[in-house]
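Notes follow the structure.
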Amino acid sequence: MAYTYDDQNIFAKILRKEIPNDTVLETEHSLAFRDIRPQAPLHVLVIPKGPYVTFDHFAQEASEAEIVDYVRAVGEVCRREGVAEDGWRLISNAGRDGVQEVPHLHVHVLAGRGLGRMLERG
Ligand code: 5GP
């Protein structure tokens, strides 16, 4: 699968600082910020700064430095936000069936209440 990155997507605009965001953590290769429509008491999005559409795209084309930075940034968000102990959920939607709204790789870090079962039908 070949990926084409659309640099007009909303997270590209956030990275270029054309749109404000509520930053939780910024590292050399990653940015974490609060979701504008939170679905849990803690709802943070973690994105790589590079132009990757999905997790698969990132896994194929990102450098090891970017991948290490990104994975560590997710863990750091959980520790900083104090949810590592009580628990949290990591979701990354990709493509049509994954119902991905923004075509720039992001993981959702959700926490702060019992999150129920992983998937609802429908
Ligand atoms: P997806 O469905 O692509 O996995 O999730 C995209 C997420 O981006 C949604 O949870 C949505 O609320 C969030 N989002 C969309 N636009 C903005 C924005 O301008 N700022 C922030 N902080 N989050 C956004």
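Using the three backbone atoms N, Cα and C, a Cβ is placed for every residue, glycine included.
TrEMBL: automatically predicted annotations, no manual curation.
Record features, source TrEMBL:
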{"type": "DOMAIN", "residues": "10-120", "note": "domain 'HIT'"}
{"type": "MOTIF", "residues": "104-108", "note": "motif 'Histidine triad motif'"}
{"type": "ACT_SITE", "residues": "H106", "note": "active site, tele-AMP-histidine intermediate"}
Fill in the blank from the handout: For the residue listed as 'active site, tele-AMP-histidine intermediate', the number of neighbouring Cβ atoms whose distance to its own Cβ is within 10 Å equals 25
Practice task
Count up the helix, strand and coil residues in the motif 'Histidine triad motif' (104-108) according to DSSP, in that order.
Solution key: 0 helix, 2 strand, 3 coil
Handout entry: Overall pLDDT for the motif 'Histidine triad motif' (104-108), taken as the rounded mean
Key = 98
Exercise for the section: Sort the residues of the domain 'HIT' (10-120) into helix, strand and coil with DSSP and give the three counts. Expected result: 30 helix, 25 strand, 56 coil
